[in-house]
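Quick look at what TrEMBL lists:
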DOMAIN    13-98  domain '2Fe-2S ferredoxin-type'
BINDING   CYS52, CYS57, CYS60, CYS80  [2Fe-2S] cluster 1 binding site
BINDING   CYS115, CYS118  [2Fe-2S] cluster 2 binding site
DOMAIN    249-435  domain 'FAD-binding PCMH-type'
BINDING   GLN787, PHE818, ARG930, ALA1097  Mo-molybdopterin binding site
ACT_SITE  GLU1280  active site, proton acceptor
Amino acid sequence: MKEVTEISSYDATNLVFYVNGKRVEEKDVDPKMTLAAYLRDVLKLTGTKIGCNEGGCGACTVMISHIEDGQIRHFSANSCLMPICGVFGKAVTTVERIGSVAKNRLHPSPRLSNCGFCTPGFVMAMFALLRNTQTPRSLILLGFAGKSVPLPILEAFYSFAVDETGTLKVSEENGCGMGENCCKVKKQNGTTNGTCGSNEVTPGYTGGERKRKIQLSDLSGCKPYDPTQELIFPPELKLHGYESMSFAYNHHHTKWYQPVSYNDLLCLKRELPHARLMSGNSELAIELKFRFIDLPAVINPRQVKELHARHLDGHGVYMGTGMSLTDMDNYSVQLMKELPEEQTGVLKHVHEMLHWFAGIHVRNVASVAGNIATASPISDLNPIWMASNAEVILDSDARGEKKVHIDEKFFLGYRKTVIQPDEIIKAVVVPLTHGNEHFAAYKQAQRREDDIAIVTGAFLVKLDPKGLIVENIRISYGGMAPTTILALKTMEKLKGQKWSQEFLNQALALLSEELKLPAGVPGGMSQYRLSLALSFFFKFFLEVSKKLNLTEIEHVDADVKIGQDVPETLYATQLYQEVNANQPAHDPLGRPIKHVSGDKHTTGEAVYVDDINVADCQHIAFVLSPIAHGTLNSIDYTTALEVDGVIGYLDASDVTTGAKMGHHNDTPVFVKDKITFHGQPIAAIVATDHEIARKAASLVKLDYSVEKPIVTIKQALAAESFIFKHLVIHSSLNDNEQVVKTDWSKYERVVEGEIDMGGQEHFYLETQQCVVIPHEDDELEIIISNQCVNDVQIEVAKCLGMAQHKIQTKVKRIGGGFGGKESTGSILAVPASLAAKKYGKPMKIKFERFDDMAITGTRHPFTLQYKLAVDENGKFIDLDYTAMSNCGHTLDLSMGNEPWSTRDNVYKFANADITGKMCKTNLASNTAFRGFGGPQGMFGTEIMVKHVAEKFGWNHDEIREKNFYEEGDCTPFGMHLNQCNVKRTWDECRVNSDYDRRLEEVNTFNQNNKFRKRGIYLTPTRFGIGFGLKQLNQAGALVLVYTDGSVLVSHGGMEMGQGLHTKILQIAARCLEIPIEKVHIHDTSTDKVPNASATAASVGSDMNGLAVQDACRQIMERLAPFKKLNPDGRWEDWVKSAYVERVSLAASGFGIIHHEPVDFFNGKGAELFGYSVYGTACCEVEIDCLTGDHHLLRTDIVMDVGESLNPAIDIGQIEGAFIQGYGLFTMEEIKIRPDGIRLTRGPGNYKIPSADDAPKHFNVSLLGNSSNKMGIFSSKAIGEPPLFLGSCAFFAIREAVRAYRIQNGNEDYFVFHSPATPERIRMACEDFVTSHVPSLPEEGTYTPWTASV
């Protein structure tokens, strides 16, 4: 008899698989290692990126191929979750295989990129989709469900899609948002206009005509997809039948078993009852990664054929648990086509639920057994099994097979079931529905796709068709208790009742009592969760009543679903200005050329910090504070130092006494005594690899005393805890020597209020990373993912007592920054430099997403208080505005983050007094974020506009137009607005979006729909360009011309996906009058350009472009004599002549932009910025008033960018900024416990917009005929200004909520805080359902789950 635990008894004991056609055989690899780590660390295939290690971002996607039922199958998978032993006998394809810039071999699937870090993963997702479906249509979005795919990439992937006839036909004529009313086709005086948008021209404009395109990037040169050119499946794997081989593997503390015999599987569970069964590994991988659990034995049952069985039997649909969730879904769809519709009620909802279950890469490998066995109380599927009375077949070697219903006895407690340790889940049997049975299931999450449920509800009812008596009813919920539950008391009382309006009222009352949650329940949202539970039942009641045509039921004809009008395909157009017809063909400026690194992004060849392998490099991991406030008493490293591979540690004793980081020297490198935030670095472990360092850091023992933290703005105000003195602006000082005091009693019309706006996690795809290499003469070379090499150099020099000239800091590119990498680099660079000095070795430190989100801070949360007076015509007379920000534990950049220059947005206030209060709390120090206080300030202003309009019954659009700034107006902070284009962008957006007609349609829609409401809104923005500190508004550049005519440009800006290097190349090519191919940028480094300001404040191309222009001017002046002597010569001839004559071909350039400092201490304004950027957005949304879900249906944007340096890049920035702003204002919610513990630390519980969230109708126009006399080549900055336009979706949501409130008799102004999460939307939609939800107890009488920071 075979001894199943004996490794040698298995067919294979070495790990064999293929990667990109090459055979890999491993005899000594840790089974706990993930495929992503193996690819990167062992095979050095760094094209596969790691963004989260949770399977939530998609950056790590690869394609896996294997034999199943004799056929070759391909599927995409998250390599960060896939255990390395899980690919035994399989073929792995990474991005390196499908294309290479270096080898001049590009696959059709890589077509566009953004920051580039995540792009290889998206390319692989598309590649896997094409390998299975060569002409995908509706599958495009499915392949990227739940992933934050940049719009340009999504657009590119749609180029593979086909319509129902198998063709994709897109023409420029059908692309305008106005449709047949587009100004290109609309008759004007009997002729066509021929252009889109306004004909108004800014003085100085030199560009060409405007052009609207469906796809801004030309993909016509991309090769069509040819599957015959793909790599063949490795013959060895097929010939030798690896799919039927048993496999076992022993590595030190972990044994991996992969049987193929069902009996062997049962015997393994008998012998190793506590061994973990692993299929998709989606939960176990996170436990291994972040909880460092022991894993002595693993059993992978996926090769057991009996577990893949599927068939119909007398009890329902039998589905083996070896099937992936994708297989289960496909089989459900197959049966839905084959069986009578009345039998497929449960299958239909299984299919629908699986669409929202995780992402396709997880569903491709995960099994339903794991979902059942882990017994998550917020499972998507368990309520369906429970409501339908599904069975699981459990089997064990000792007791044999048994069937168990998933009912109220199945889940014993939190994460506990009746399954015995030696049992396996062989199959799930899904019941078929029968006549007179009705079934439905519902789920609500923070985000629709790839998000854990807040509440899931599933319902089954069997009715006597004659008397409508309830013969049987099953009501199940997830998210309402520590386990999935049946509402047993309600079910019992409803049986035998007649299905009627009274039945509904009784059910809601019973459920509200049975499901009532305490105010401080784990997970929070007690009122919302109960309202969801009730709303789900109400939806079910209406759907059944409608199906039965019970016309006597109130609202029976009401539609309770949303999203059915959302198209599957993306309809996006872009309107931009062509270059002047007289511009030389070789001059690239103003042309929509692609990102200079775009191809390398798509092939994975673009190098990021963690892709750099340095010989003999050691690794660092932080020991982080588990509390938010207290005193550190002692640190015990004993256990950590015993781990093999640990070299040593760093702590406060290694830091020079008094040395602190930060512009204000207020940030400790390591905690010495006082702990001031949760996640604060206390010490660091140095080890031979990253995972050893992390595990050892988890073993460090800390002794500390806990103190009560200050977490919220409200708490800080009560304690008078401020991080700096209050700052002020008084507009009266623009014309007076003294502040004019306001007598508010004289005003007849005043609104006064307060609004909260939450923070935002940066969620750059590449986490913070750094490599430090010690060199001779006490030098340090620092390679870092950061937005400011100068700050890193300064901080390291300061904390280590070094001279800056000994420190070379450089950046090749970074995988997104958004401000989060502007001032935080020293958190990594200083400890890594200390370690490099202490141990004399290169050091690498890379943050896990889990740690990055705890350490580095977020966008500042704000509480905004206002008092606004208006006259009888709606003109703004006087404003008293106080902005209070949650700054965290140190000052960081909080003083610059006060939104002084945006508090007014686009409106003229006769008088304004503005105060900023910076609250000191026990949170990570909040820092710069795209918009840098602007979105918060403008949000408060737009709330005021709504408050005025709703209080006095005025039209909010008319109020805006009456108060718009006009040319030459002065802002409260003293800046006069020249080339003021707010009205132009507003008018053009209003026309382009067809706003007035669509507003009427929305009103009609709302009148005709009871529980679906729509809102449409116009939102303008103004954003001043420049740093708040004068000395930062400067830049340097170095231009080197070589004797072959090639040019190397260095400047102080960082390339982080925004296309800065591309624009600089365009500027240099124009200035030197040469083709762009002759110009190259290598990296950004302090040894080439010193004292560079951060790439921030949207001024990257403005300042660095001016510096490059200056250097090129010097070069051209030196070449002028040689051009004069040889007018018919070429560039190369003039360069060589200059070299022969010993004329320097190197030049250092310098550039500054306008700035006059404002006195924020006394409130006196000045001409702070040289110019402003203007824009307007129009958004239409639809909300589900019963759940709080919403769809963003359409977005139109008009943005003033002057004469665009590169329309493709600028439009990409507009689209990306809008989506990021949309996330800020609608779904991204930072959750922190009242004790300061940060809950949101990864994509599992912090959600940014996904591909599904982007509007399917998305039209972006660059304002035509605009010029900017203050910008490089008449352009305008674009990085930050469009972000606030994302708030347009928030206000459209608010309009929809207001329509529902008015319908229900609530016409007054209502406070609606940001973000507009499903919880806030639903709880603002007060109705008969929410009337069943009890009020919260008095504040202070209970501990809420999260604090409103």
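Every residue, even glycine, has its Cβ placed from backbone N, Cα and C.
Taking each of the binding-site residues CYS57, CYS80, ALA1097 in turn and counting other Cβ atoms within 10 Å of its Cβ gives the largest count for CYS80.
Comparing Cα positions, CYS80 ([2Fe-2S] cluster 1 binding site) lies closest to CYS118 out of the recorded positions CYS115, CYS118, PHE818, ALA1097, GLU1280. Note on ARG930 (Mo-molybdopterin binding site): other Cβ atoms within 10 Å of its Cβ, all shown chains, come to 25.
Cα of CYS60 ([2Fe-2S] cluster 1 binding site) to Cα of ALA1097 (Mo-molybdopterin binding site): a span of 31 Å. Neighbour density for CYS60 ([2Fe-2S] cluster 1 binding site): within 10 A of its CB lie 30 other CB atoms from the protein chains shown.
Using a 10 Å Cα-Cα cut-off from CYS118 ([2Fe-2S] cluster 2 binding site), the recorded positions that qualify among CYS52, CYS57, GLN787, PHE818, ARG930, GLU1280 are CYS57. Take the mean position of the Cβ atoms of CYS52, CYS57, CYS60, CYS80, the recorded [2Fe-2S] cluster 1 site; other residues of that chain with a Cβ within 8 Å of it are ALA36, LYS49, ILE50, GLY51, ASN53, GLU54, GLY55, GLY56, GLY58, ALA59, ASN78, GLY121, ARG849. Looking only at the recorded positions GLN787, PHE818, ARG930, GLU1280, the one with its C-alpha closest to CYS115 ([2Fe-2S] cluster 2 binding site) is PHE818. A Cα-Cα distance of 9 Å separates PHE818 (Mo-molybdopterin binding site) from the residue listed as 'active site, proton acceptor'. With respect to their backbone Cα atoms, CYS52 ([2Fe-2S] cluster 1 binding site) and GLN787 (Mo-molybdopterin binding site) stand 21 Å from each other. Cα to Cα, ALA1097 (Mo-molybdopterin binding site) and GLU1280 (active site, proton acceptor) are separated by 7 Å. Of all the Cβ atoms in the protein chains shown, 25 others lie within 10 Å of the Cβ of GLU1280 (active site, proton acceptor).
Among the binding-site residues listed (CYS57, GLN787, ARG930), ARG930 has its Cα nearest to the Cα of GLU1280 (active site, proton acceptor).
Of the chain residues outside the Mo-molybdopterin site list GLN787, PHE818, ARG930, ALA1097, GLY817, GLY819, GLY820, GLU822, ALA928, PHE929, PHE932, ALA1094, THR1095, ALA1096, SER1098, GLY1279, GLU1280 have their Cβ within 8 Å of the site's Cβ mean position. Around CYS52 ([2Fe-2S] cluster 1 binding site), taking its Cβ as the centre, 23 other Cβ atoms fall within 10 Å, counting all chains. Spatially close to GLN787 (Mo-molybdopterin binding site) yet at least six residues away along the chain are ILE814, GLY817, GLY819, LYS821, GLU822, GLY825, MET1054, MET1056, ALA1094, THR1095, ALA1096, judged by Cβ distances under 8 angstroms.
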